[in-house]
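Here is what TrEMBL records for this protein:
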TRANSMEM  45-64  transmembrane segment
DOMAIN    51-510  domain 'Major facilitator superfamily (MFS) profile'
TRANSMEM  106-125  transmembrane segment
TRANSMEM  132-157  transmembrane segment
TRANSMEM  192-210  transmembrane segment
TRANSMEM  222-241  transmembrane segment
TRANSMEM  324-345  transmembrane segment
TRANSMEM  361-381  transmembrane segment
TRANSMEM  393-411  transmembrane segment
TRANSMEM  417-437  transmembrane segment
TRANSMEM  487-507  transmembrane segment
Amino acid sequence: MVVTKEEDCLPPATETPRCYSHSSSTTPLAELETVRSIEIVESSFLSPVWLLVIFCIINLLNYMDRGAIASNGVNGSTRSCNDKGKCTLATGIQGHFNLSNFEDGVLSSSFMVGLLIASPIFASLAKSFNPFRLIGVGLTVWTIAVLGCGSSFAFWFIVLCRMFVGVGEASFISLAAPFIDDNAPQKQKAAWLGLFYMCIPSGVALGYVYGGYVGKHFSWRYAFWGEAVLMSPFAVLGFLMKPLQLKGFPSSDSIKTVRSIEVMASSVGSETSKNNNRLQVGNEIEHDQFEVSIETSKSSYANAVLKSFTGFAKDMKVLYKEKVFVVNVLGYVSYNFVIGAYSYWGPKAGYNIYKMKNADMIFGAVTIICGIVGTLSGGFLLDRVTATIPNAFKLLSGATFLGAIFCFTAFTLKSLYGFIALFALGELLVFATQAPVNYVCLHCVKPSLRPLSMAISTVAIHIFGDVPSSPLVGIVQDHINSWRKTALILTSILFLAAAIWFIGIFINSVDRFNQEETGSENTRRQELSILTP
């Protein structure tokens, strides 16, 4: 069978793609046409609101894990004695494995190794495999790795498990935001992103409280096992639910169709070649055809993976030429350097500077309230003033600058209550950046580059931000032995982030959300090129 006209396969934009056979051929290609002629694309039962709810819960659990490992209940401390000879018992992970502050900081950052490696890989594979299924794979890895953390018998083993926690988280952070951006109402995109990223401070804060309680009343191991139990239903859902589609990418059905066409076309070509050769008998021909079909099927999947990685370099070149993306990420790196160290060392610094008896609970309460209110406010405010890239940069630079002033001043005070009041205002402003910064990442590139944009942004803010910040702050503290001075040095970096984002206001920017044909149209052209001799 030969498709003679492209119009025979390209339907109107609102209709399901169908191709109609012009002959009664019984070749594999004709059978494939029959299948495609009755193909029905069913919508997922998951509504946009439920998608947002589920993704928010998953994000909350991801960051609850980060908060739990930083809590005094799970992280703990080594055995120490004062001048009077009074000693405190070793507690938590640090006490169990007798870790220095540097090693403790490495433990916090170790999962980033897996995150940094896996994020661009998952983003590239999204062009060849359904992104929703990739999220399911990642959540499964995350669940198994967290179980391993709770069962650790040595420091190197828990470091290894933390790395695989990063691998599992990589698929979700690269692909979840584009899904939300696709399904959010046009005038509420920043607000929906705000709801999603609200789960970052909320999750960390919840982790402080959760880890502090479980670690104190049970064991630090139970905190990890509990997280795995909570995440496992969502890992299963990623495989059982009908996969959702992502703008700028071909549907899973279309990907399967193209691969089937390639396999069948190769099989037909093999059959013709063998019949012309006349050197094989009937049974041998059928056996060889079956082997060729299997090898071709394997080859089609291998080629899909290979194409994903060969296109990676080209996509990266496009990404790094986008000035808006580069400036946005540079500011985000500086910002995350501070926030990462705050989240890890905050409870310990508060305990030592202000003698907080319940540092986990106090920092958890302040962070969760300010995180929720600040992140939501940032998203709703950006929608209110009209969500554009320049407006996002204005909000980023202004909120960060004011937040830095309040946080810096807070650490200069000797009063606990004065510190809590000013630090809370600073966090409120600082967390207002979450929706705008990710809005810029999603809208400064074409739809097909959004997962890679999110992945590279994540890689950058971690490899140059919170990965080095935790151990570096530990080194500074070991050297100067003053948590107040260490906190002031750290907080001053927020002024750098505000200055970088201020530059972004003056860069010529274009919202590229609709600047690309849909993935399904690209796939149909691929099908035509294969079908047409």
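Note: Cβ is positioned from N, Cα and C throughout, glycine not excepted.
Just so you know, TrEMBL annotations never went through curation; they're auto-generated.
Since we're looking at a predicted model, the values are computed, not measured.
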Stretch in 45-64, 192-210, 222-241, 324-345, 417-437 most in contact with the transmembrane segment (361-381), if contact is a CB pair under 8 A: 192-210
Residues of the parent chain within Cβ reach of the transmembrane segment (487-507), under 8 Å, 6 or more residues beyond its termini: 323-324, 327-328, 330-332, 334-335, 337-338, 341-342, 349, 353, 389-390, 393-394, 396-398, 400-401, 403-404, 407-408, 411-412, 430, 440, 469, 473, 476
Any contact, the transmembrane segment (324-345) to the transmembrane segment (45-64), with at least 3 Cβ pairs under 8 A: no
Sequence-remote partners of the transmembrane segment (132-157) [C-beta within less than 8 Å, at least six residues beyond its ends]: 58, 62, 65, 97, 99, 103, 107, 118, 122, 125-126, 163-165, 167-172, 175-176, 179, 221-225, 227-228, 231-232, 234-235, 237-239, 241, 243-244, 246, 252
Feature contact check the transmembrane segment (45-64) with the transmembrane segment (417-437), CB under 8 Å, 3 or more pairs: no
Intrachain residues whose Cβ lies under 8 Å of the transmembrane segment (45-64), provided they are six or more past its termini: 139, 142, 169, 172-173, 176, 179-180, 183-184, 192, 195-204, 206-207, 210, 227, 230-231, 234, 237, 241-242, 244
Reported mean pLDDT - the domain 'Major facilitator superfamily (MFS) profile' (51-510): 80
Intrachain neighbours beyond the transmembrane segment (222-241), with Cβ under 8 angstroms and 6 or more residues off its ends: 44-46, 54, 57-58, 61, 64-65, 68, 73-74, 132-133, 135-137, 139-140, 142-144, 146-147, 149-150, 210-211, 214-215
Chain residues in Cβ proximity to the transmembrane segment (393-411) (below 8 Å; excluding those fewer than six residues from its ends, i.e. six or more beyond): 328, 331, 335, 353, 378, 381-382, 385, 418-423, 425-430, 432-433, 436-437, 440, 484, 487-488, 491-492, 494-495, 497-499, 501-502, 504-505
